[in-house]
Amino acid sequence: MTPLLELKDIRRSYPAGDEQVEVLKGITLDIYAGEMVAIVGASGSGKSTLMNILGCLDKATSGTYRVAGQDVATLDADALAQLRREHFGFIFQRYHLLSHLTAEQNVEVPAVYAGLERKQRLLRAQELLQRLGLEDRTEYYPAQLSGGQQQRVSIARALMNGGQVILADEPTGALDSHSGEEVMAILHQLRDRGHMVIIVTHDPQVAAQAERVIEIRDGEIVRNPPAIEKVNVAGGTEPVVNTVSGWRQFVSGFNEALTMAWRALAANKMRTLLTMLGIIIGIASVVSIVVVGDAAKQMVLADIRSIGTNTIDVYPGKDFGDDDPQYQQALKYDDLIAIQKQPWVASATPAVSQNLRLRYNNVDVAASANGVSGDYFNVYGMTFSEGNTFNQEQLNGRAQVVVLDSNTRRQLFPHKADVVGEVILVGNMPARVIGVAEEKQSMFGSSKVLRVWLPYSTMSGRVMGQSWLNSITVRVKEGFDSAEAEQQLTRLLSLRHGKKDFFTWNMDGVLKTVEKTTRTLQLFLTLVAVISLVVGGIGVMNIMLVSVTERTREIGIRMAVGARASDVLQQFLIEAVLVCLVGGALGITLSLLIAFTLQLFLPGWEIGFSPLALLLAFLCSTATGILFGWLPARNAARLDPVDALVRE
């Protein structure tokens, strides 16, 4: 009969400084299916090292080890993990159950890595626990179970994927005599069902219950009686689980990794919350700055637009402050008519102005009187709370009519409900009120100067007695480039005047400058917020590194029951991403609260959350989890299963 496990001249040595210490010295051993074998020896004899090699947790330095005819030395790490999943079941002295999982969930772990569907996995775990007398303890956590019950859960876990070979390391070492007898009885039952049972022990009473006792001393086998031939041993073995494959296996594996990651995080709620805190603050900072910064920018731009955007002002002279008399009369009414005929002009309004006294009954105030056309109010986006603007007949006839701003109305008519039709003195000229321009609220504050507007023909001919204009304001048609319009306007007037005796002021340039400035400031603040997010990410990495250290034994257990390095990497990476995503969701919630609070104190601001801001937050959370979770996850995946199992 061909042996199931075949070892030939197995040697295992470990470095000790500059030397190599040989722990196993030429072990040759055959073990057959259905055998119950005990490996005995004193501490340091090499029996645990031999068991690790038998269970494919460790590799021999030299020699040949075959499992069902397959040479283990030719297998890579993933193939060894598959071999452990499909052929071996481990029973440890200290049970090695995962404390944050129930008995049922602990039993399911090997099948999770085998890719068994959840429903089948659950039924299989319940069946095994029922067979071992734990049907009423399926939802109990390890801390709620006795030592004997924990060891039975460990046995059920070993059988989950079939457990053709049961490797029991001191299975009764931590149990009282009664519980120890129960465990040994179960191992005998497994032997009777066709399992190969290998017990590593130093207890002679336990070893005596095996059919074959192999003694190892100083790394060499000193006693190895012949095997007892078995008949029909395969007839009663456990069924090997049937797994899904392809895309379904990937989806199932990812879902299970997500579930296990959530359970691990839920087991340490306070630490998880503190880990999230940096991410919460970072995401809240990024989202709040993006959203509030955008609201502030829109508020500033709205105020600038209220002054008049897409407009070009033309003034006489070389620049602001130029009072050279030869330039004061540069702008004429003919210039206004020529400008209005240009195809890119939506409207053009002249302006002449002078500071005058306004009088009504016994009220006397100073104000700025401005001669404009009816288009002036459209150019500057102003609306009327009472009355209306000038019509063409009033402009042509130099009508004695006036439009007040809201501040002037309050000064002259504090108690009147309707002021249209009232007559006031503008300087020494009586003028009938035909409208009140609505005051525009601005974050820059309102002007303290009282202002009134008259037809420019009236202002020039009746009030000031001048034939030239102080300025012309041109509104450019939508869709036409403002800079190009400014160039054409300059070219037109220069040709008409024969020289450049004027200058222009383009509000669109101011708007673009403000947009650039606010964008730069917002970028700077966002970078500051991103720094806080990076600090939070470093916190996640630190905690995950600590978590890997604390959970080293758990990683060893998972590898022993069949987890591949990629499975471990995936789980810890998902944990890091999950922390960051939940932290990101809480950060977005916090930013909503911040925005809501700001909205209460700043009612004029329109604070809204764009899909872009939320997408940015989601991507930041995910990227932070992947970036700062990679190193801890990689460290976990690189752990040696033997070292991980023995580490405290």
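Just so you know, the numbers here start at 1 and follow the chain as drawn.
Including glycine, each Cβ sits where the backbone N, Cα and C put it.
Under the heading domain 'ABC transporter', Swiss-Prot lists 5-243.
Sequence annotations record features per position, and here Swiss-Prot assigns ATP binding site to Gly41, Ala42, Ser43, Gly44, Ser45, Gly46, Lys47, Ser48. Around the Cβ of Ser43 (ATP binding site), the number of neighbouring Cβ atoms within 10 Å comes to 7. In the three-state DSSP reading, Ser43 (ATP binding site) counts as coil.
Taken from Swiss-Prot, the feature transmembrane segment applies to 273-293 (among others), supported by sequence analysis. Non-local neighbours of the transmembrane segment (273-293) in the same chain are 518, 521-522, 525-526, 528-530, 532-540, 543, 579-580, 582-584, 586-588, 590-591, 594-595, 598, 607-610, 613-614, 616-617, 620-621, 624; each lies 6+ residues outside the stretch with a CB under 8 Å from one of its CB atoms.
Annotated transmembrane segment per Swiss-Prot: 523-543 (among others), in sequence order.
Marked as transmembrane segment by Swiss-Prot on the basis of sequence analysis: 576-596 (among others).
Feature annotation from Swiss-Prot assigns transmembrane segment to 600-620 (among others); the stated evidence is sequence analysis.
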What number of additional C-beta atoms lies within 10 angstroms of the C-beta atom of Ser45 (ATP binding site)?
21
Near the transmembrane segment (600-620), which residues from the same chain, at least 6 beyond its ends, have a CB less than 8 A from one of its CBs?
282-283, 286-287, 290-292, 294-296, 298-299, 441, 443, 530, 533, 581, 584, 587-588, 591-592
What is the pLDDT of the domain 'ABC transporter' (5-243) when averaged and given as a whole number?
87
Would you kindly list the residues that approach the transmembrane segment (523-543) from elsewhere in its chain, counting only those six or more residues past its ends and only Cβ-Cβ distances under 8 Å?
271, 274-275, 277-283, 285-286, 288-290, 293, 576, 579-580, 583, 620, 624-625, 627-629, 631-632
Fewest other Cβ atoms within 10 Å: which of the binding-site residues Gly44, Gly46, Lys47, Ser48 wins that one? Let me know.
Gly44
Within a 10 Å radius of its Cβ, which of these binding-site residues (Gly41, Ala42) has the fewest neighbouring Cβ atoms?
Ala42
If you take the centroid of the Cβ atoms of Gly41, Ala42, Ser43, Gly44, Ser45, Gly46, Lys47, Ser48, the listed ATP site, which other residues of that chain have their Cβ within 8 Å of it?
His202, Ile216, Arg217
